[in-house]
């Protein structure tokens, strides 16, 4: 049993390695095909731009220019026609004569000018430096930490009014004690002033005795 157990995992190992090699070969072959030359659309645009004919380049003249550049025209005849149609639909080429792939073609100046303008836009692609400015924003967050210091200072201010309130409360009973003895001596003084006023009616009694003397004079 111990001899058969290690033999089982050893068998699937070569089966796993084989598809990896096939994928590597396929990717290498695809890379070689792509690196063989530029696409047909680029060759067509270069050939049309190089021609000096005002009426445009005919399909026959275009094939001659591509053959002179080393492009196999006979094998890629269908690709040339498809490339012409796609360039006309995009607006890079203008068909001056004929319909479809047959006829004469001319480079669209507006499209060429539009292709030249995107180059400065690439320079504007360097604008992602603004994220560095976004990194500066966290510095403002450090400034937001300053209110925390102010929040720590506020409790100190709250303690001061509490101490002042305690001092005022301590002072207020002193005023109350000083006010009570002042009112007490005033009350007996008023009472003394009232007693002599009550003695005045006693002086009025002798005035009533004057009429008694009048009948004595008649005698």
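Backbone N, Cα and C define each Cβ position, glycine as well.
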Candidate annotated as phosphoserine in Swiss-Prot, where the set is 36, 41, 104: 36
Modified residues: 54, 64, 90, 106 - member with fewest neighbouring CB atoms within 10 Å: 54
Spatial separation of residue 54 (citrulline) from residue 106 (N6-(beta-hydroxybutyryl)lysine) - C-alpha basis, Å: 8
Helix, strand or coil at residue 54 (citrulline) [DSSP, three-state]: coil
Separation of alpha carbons, residue 90 (N6-(beta-hydroxybutyryl)lysine) and residue 64 (N6-(beta-hydroxybutyryl)lysine) (Å): 24
